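Annotated active site, acceptor per TrEMBL: K180, in sequence order. According to TrEMBL, the feature substrate binding site maps to N19, N51, K97, Y152, K178, E243, E269, H326. What TrEMBL lists as Mg(2+) binding site is D217, E243, E269. Here TrEMBL flags 159-264 as domain 'Mandelate racemase/muconate lactonizing enzyme C-terminal'. The annotation site 'Transition state stabilizer' is assigned in TrEMBL to N51, K178, E345. Annotated site 'Increases basicity of active site His' per TrEMBL: D296, in sequence order.
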Amino acid sequence: MRIVSVKQGVAPISSAIANAYIDFSKMTASIVAVTVEGNGKRATGYGFNSNGRYAQPGLLAERFVPRLTEATEAQVTDAQGRLDPAGAWAAMMKNEKPGGHGERSVAVGVLDMALWDAAAKLEGVPLWRLLADRYNGGKADDAAWVYAAGGYYYPGKGVDQLVEEMKRYLGMGYSTVKMKIGGAPGTGLKEALTEDLARIEAVLKLLGGDGSKLCVDVNGRFGLHAALTYAAALRPFNLRWYEEPLDPLDYSTHATLAEHYGPPIATGENLFSMLDARNLIRHGGLRPDRDILQFDPALSYGLVEYLRTLQMLVEHGWSPRRCVPHGGHQFALNIAVGLGLGGNESYPEVFAPFGGFADDVPVRDSRVAMPEVPGIGFEAKNDLYAVLRSLD
Ligand SMILES: O=C([O-])CC(=O)C(=O)O
Ligand SMILES: [Mg+2]
């Protein structure tokens with residue numbers, strides 16, 4: 001196998017939405033196209049990074065694209081003569097020290113996605129099928145559980161608009177929804193909680209009072225005191241999960257929160273390596289029977305690293321079913337179906353065209369099936385494919 005060319009670009013995913021920590025007015029994504037040939041075949045794989053981290057054109061141009069294009073055929077070919085994303089990953093990470101992952105994990109993740117897309121295209125199979133065959137004893141799920149993430153803060157958006165938004169998600173076939181909390185601007189904790197409880201209760205009313213259909217997301221805004229104050233107020237609702245209540249790298253505060261809050265906690269979208277994930281598992285006090293892990297392969301060194309993370313989880317007594325990746329993209333959806341995760345995020349109204357799944361694949365009962373398209377399936381998602389094709 002030989003890396004023929006690697007092209008990169010930057011695409012906007014900006015919008016006026018905000019969570020409790022950032023707004024998305026200047027959000028961008030890196031896009032890449034990696035062309036590979038070997039065994040008389042040629043394929044171009046595409047990759048991008050999901051929302052929350054910005055495009056990484058500098059890191060790509062200075063380090064990771066040159067290392068990938070200079071990788072030898074032996075480095076990118078496995079023992080069966082196939083394209084080897086793990087070998088390519090090792091070539092890209094040469095001369096990178098451990099620790100301090102920063103945003104190089106985003107740059108590597110973009111290229112890793114493209115390599116897996118190319119690997120599956122070279123074999124003429126969807127990525128979920130390749131993953132099931134290579135790593136899951138041939139077993140793929142029929143469909144993935146997905147939930148509708150939204151409920152962002154938006155200028156002038158009140159409770160009525162929030163409820164209308166959630167109603168649209170239910171109409172699209174989702175049964176579980178997620179909303180932002182903790183972002184009331186310029187107010188104290190008491191006022192913010194009062195406002196959020198009114199927002200939460202309005203959405204719960206729409207959901208027939210069933211807390212298992214609602215997730216709330218703090219985006220790492222709270223310190224321990226605020227997280228515990230909210231936890232006490234949220235507990236009676238028995239929500240599906242309480243997401244990123246605390247700084248993602250402050251593991252011991254998670255352990256304290258988990259002692260005081262019985263229902264599920266979700267976190268992990270801002271942990272970018274297997275080792276960071278392992279620290280969360282070792283020190284975060286999370287509970288393998290209920291908590292949710294949201295590591296996003298498109299932000300955290302890609303699927304080569306995500307496979308290491310899944311292995312680590314199994315060694316620590318966690319099932320892959322506890323994983324529901326962040327990002328709402330087709331890459332993680334393939335991984336969810338092929339490797340038997342607990343599901344995947346979905347953004348029905350935000351982060352287009354990178355969020356969202358294949359056209360013509362409807363959500364039914366909060367589940368989405370996979371098309372039989374070789375690779376990740378970008379060719380079956382017109383808006384995204386148009387952006388990716390701009391690199392050709
Ligand atoms: O608002 C964001 O940064 C995205 C996010 O947390 C999520 O999808 O869970
Ligand atoms: Mg989140």
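Using N, Cα and C of the backbone, Cβ positions are placed for all residues, glycine too.
In this structure, N19 are the binding-site residues from N19, K97, Y152, K178 whose C-beta falls under 6 Å of some atom of ligand 1. On the 0 to 100 pLDDT scale, the domain 'Mandelate racemase/muconate lactonizing enzyme C-terminal' (159-264) averages 96 in this prediction.
Here substrate is bound by N19, N51, K97, Y152, K178, E243, E269, H326 per the record. The longest Cα to Cα distance in that group is 37 Å.
Taking a C-beta cut-off of under 8 Å and a sequence gap of six or more, D217 (Mg(2+) binding site) has these contacts in its own chain: N19, A149, G151, K178, M179, K180, I181, E243, E244. When the binding-site residues Y152, E269, H326 are screened for a C-alpha within 10 angstroms of the C-alpha of E345 (site 'Transition state stabilizer'), the residues that qualify, in sequence order, are H326. Among the recorded positions K180, D217, E345, residues whose Cβ is positioned under 6 Å from ligand 2 are identified as D217. Here the Cα atom of H326 (substrate binding site) is found 5 Å from that of D296 (site 'Increases basicity of active site His').
Annotated pair E269 (substrate binding site) and D296 (site 'Increases basicity of active site His'), C-alpha to C-alpha distance, rounded: 6 Å.
Around Y152 (substrate binding site), the C-beta neighbours below 8 angstroms that are at least 6 residues distant in the chain are I17, A18, N19, K180, V350. Surrounding the centroid of the Cβ atoms of D217, E243, E269, where the record places Mg(2+), the chain contributes additional residues within 8 Å, namely K178, C215, V218, N219, E244, A266, T267, Q294, H326.
K97 (substrate binding site) and D296 (site 'Increases basicity of active site His') have their C-alpha atoms 22 Å apart, to the nearest angstrom. When the Cα atoms are compared, N51 (substrate binding site) and D296 (site 'Increases basicity of active site His') turn out to be 10 Å apart.
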